[in-house]
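In Swiss-Prot this protein carries:
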REGION    62-264  region 'Thymine dioxygenase'
BINDING   H189, D191, H239  Fe cation binding site
BINDING   R255  2-oxoglutarate binding site
REGION    392-561  region 'DNA-binding JBP1 domain'
SITE      D525  site 'Involved in J base recognition, conferring specificity towards J-DNA'
Amino acid sequence: MEPDPKKVKLDIFDFPTARETRTPEEVAESYAEAVKSHPFYDNVHSAIDFYDSGTIKDGRGQIIGVVLREALPKYAASMASELLASAAVRTSLRSMMFGGESPLSGIAGYFDYRGSPVELKSRKTSFTYEHEAAWPAVFPVVDYVSELYRHVAPERWKAQNDAIPDVVRIHGTPFSTLTINSRFRTASHTDVGDFDGGYSCIACLDGQFKGLALAFDDFGINVLMQPRDVMIFDSHHFHSNTEVELSFSGEDWKRLTCVFYYRAALGEPASYAEYRRRLEKSKQDTSFTPVVSNVRVKENGTNLNRPSPVYPIFLSPFWVPMVAHCLQHCASEAQCVHDAMTADGSRLAEVMFGEPLSTSDGIPLRGEEEKLKANSDSASRPLSRLGGFSETNLMVSTAVEKKKYLNSEFLSHFISAQLLDMWKQARGKWLELVGREWTHMLALNPERKDFLWRNQSEMNSAFFDLCEVGKQVMLGLLGKEAALPKEEQAFWTMYAVHLNAACAEELNMPHVAMSLRKLNVKLKDFNFGGTRYFKDMPPEEQKRRMERKQRIEEARRHGMSSGAHEKRANWLTNDSFDYQTEDCVFDYAQHKWVPPALHAKEITKNVRSGELPTREGVVRVLVVLPDPQSKVDCVDCKLEVSETVRCSCEWERLMSSPAVHRVLAAAQRNLQLPDSVTHDNIEIRFAFHSRLPTDMCDFVVLQHVLSCIPDDVLASAYIRRSAALCSGCVFVVETDVQCRQYYTLKCSVRCDYDAVAPLFFQQLHRVSYGTKAARVRTKGELESLIPTVCCARYKLQGSPLNTTVHVVAPAPPR
């Protein structure tokens, strides 16, 4: 289906203006207003980071969500992401969920448009309408998600399937609508408008990122999702995303997610009236045969658009085996320990982990002045004065969305064939010369990352030729003889991003080689200073360029006068009964792809249903302590660290915790092995790490053992050795040297913290366990040691040692 010329032209040049970038004061005011109703929740606000497949239920046994790891076939996710990536565009409609900024988000499928200025309601979204020929690319991923949903929540799936009007189904599934989000960290919200009797599904289609977990804000649970992961969940619970975890400022990342749901308003009487009106109108057109011949009214249930009630969960590290699919073999045993550990007055957590699950006066949280804005990755940078267009993040990210408009297939609809041919030739010539020079540079230095632009080269002349053609393409798209300054800004930004991508994708150059900054400088030469090169050229070259410029202008004007832009009915005015015209059969056998139902059966085979059985026998827990390397009566931090460290703000902040001072004043924990502890049917034994017993147990707890094993290979081997002793799972209790808010901190604060944190925690380990120069690791370093499957991370709240508990399955990954 050809794109609508008028709409596309408006979109091409719809870039943020200088005013739209707003002053810092306006941005701050907008942010403060947005987070009042939609706050951001960081990783620190939760107790559990859940990494594996599992079924998460609330305090009354109702499903919050079912997460399935790598549940989508690669081909299905890839096909869908390739099409849907362009659906996520800058939109102010969801700015309140993005700290007052416009996120990259969009909808596809069908939508009701209630409360929208769009005149015609209850129909295809503009994206599906404009991409109807390519739309079947989403069918596999929609089918696979639907079958996963049906297998894990059959009653909800059936209720949704029975309610959705057939005319607005996506490929026969119980989904009417897709919401596509790109690089969008959402603040706390519920999905208003989703069908109350069903669930929503979210899939991560593509990305390279860390963090950005799906957080269930009222339950203290984060679900980490990576590409191909799927979660079926109650979207009427408040949910959000945690911070993106960047190692350094400006680190590149991407993330594309898709939410699948039934938009309940499409099943309300007003929508049915619209379907019938369009159907009756279509009957007057004898040349049109609708795909759907009648509209069957269905019972839509009661949709109140209210948040789901919250029935809290008591969390502990032993809660994880109760929900993780790969640990269901030890779920009943874990529930025994969990119930005892979370009972009022219980001290089991201190016995097993060395400290309680929560400490009220532990290391204090950061003030807002020390943190980055939650949506800071999208914030605009100051305008660059180095070149011909604005290099703000907002301008460049908008251009990334629109660079497709300079592809030949798009241009063929809007400029003359003659001008299009000139564009192809000029673009191809420049890329050929760039490629030739880049090959020569790599031959001299294979490690080279930067392209050396030679102003007297043939490539430089070809670039100016391409710019001449590009200028006429711009005017051809505008349909006029001169462009406004803001239109030039928009076009040249898009032009530079397009060429940068072409060098990377077609010539396999690093993105930084032909950087936007480099292209910007050369565009400035062309737009503002190119004449100084022209006057120094030989007369014959000047004549050639003048004649070429005239030919390009004539080619552009020929396209404007020849009726090349034949208009068709656009989406806004489309009033036809075109429901399901985009649908078609997808032949999985022909592609040799596993049918969705069989795939879902395999993926969900370990999903637990029903209540956990009661454990009758004894639950045996082995707690392993570090060998006592030395006896330490007390540590005087004033004598142990330099005055520079002691006087730093970060050291003072860490030492301000009363809980820290209790640790410093307490007796060493491992001078001798504690006696065994029996609590109901739970039996807890202790061992030093160099003298592990040989008899089997249900669970092994490694209490700060790895901190006294500095070698990573040996530490990893020790986890494997411990896992061989238990039938259930291993709990790896260790200090995370990075503070809980690490990835939300400003760079300067992070650097100050890094300078003192290892020494601080080493002092506490020396007091608590007698460990000399403890190896305190980051979360990433700890998780890299795990040789099998890390199911989750539990964070002891307010812990003075910043203690975390990684729950490790004994079996190796499949």
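Counting starts with 1 at the first residue shown.
Placed from the backbone N, Cα and C atoms, the Cβ positions cover glycine too.
Where Swiss-Prot records a feature, it is marked here on the structure.
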| residue | record | DSSP (3 states) |
| --- | --- | --- |
| H189 | Fe cation binding site | strand |
| H239 | Fe cation binding site | strand |
| R255 | 2-oxoglutarate binding site | strand |
| D525 | site 'Involved in J base recognition, conferring specificity towards J-DNA' | helix |
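When each of the binding-site residues H189, H239 is scored by how many other Cβ atoms sit within 10 Å of its Cβ, H189 comes out lowest. With a 10 A radius on its CB, D525 (site 'Involved in J base recognition, conferring specificity towards J-DNA') counts 19 other CB atoms from all the protein chains. If you measure from the Cα atom of D191 (Fe cation binding site) to that of D525 (site 'Involved in J base recognition, conferring specificity towards J-DNA'), you get 50 Å. One residue stands out among the binding-site residues D191, R255 for having the most other Cβ atoms within 10 Å of its Cβ: R255. For the pair H189 (Fe cation binding site) and D525 (site 'Involved in J base recognition, conferring specificity towards J-DNA'), the C-alpha distance works out to 48 angstrom.
Highlighted in sequence order, T186, S188, T190, S235, H236, H237, F238, S240 have their Cβ within 8 Å of the centre of the Cβ atoms of H189, D191, H239, the residues recorded for Fe cation, and are not part of that set. Cα to Cα, R255 (2-oxoglutarate binding site) and H239 (Fe cation binding site) are separated by 18 Å. Between the CA atoms of D525 (site 'Involved in J base recognition, conferring specificity towards J-DNA') and H239 (Fe cation binding site) there is a gap of 49 Å, rounded to the nearest whole number.
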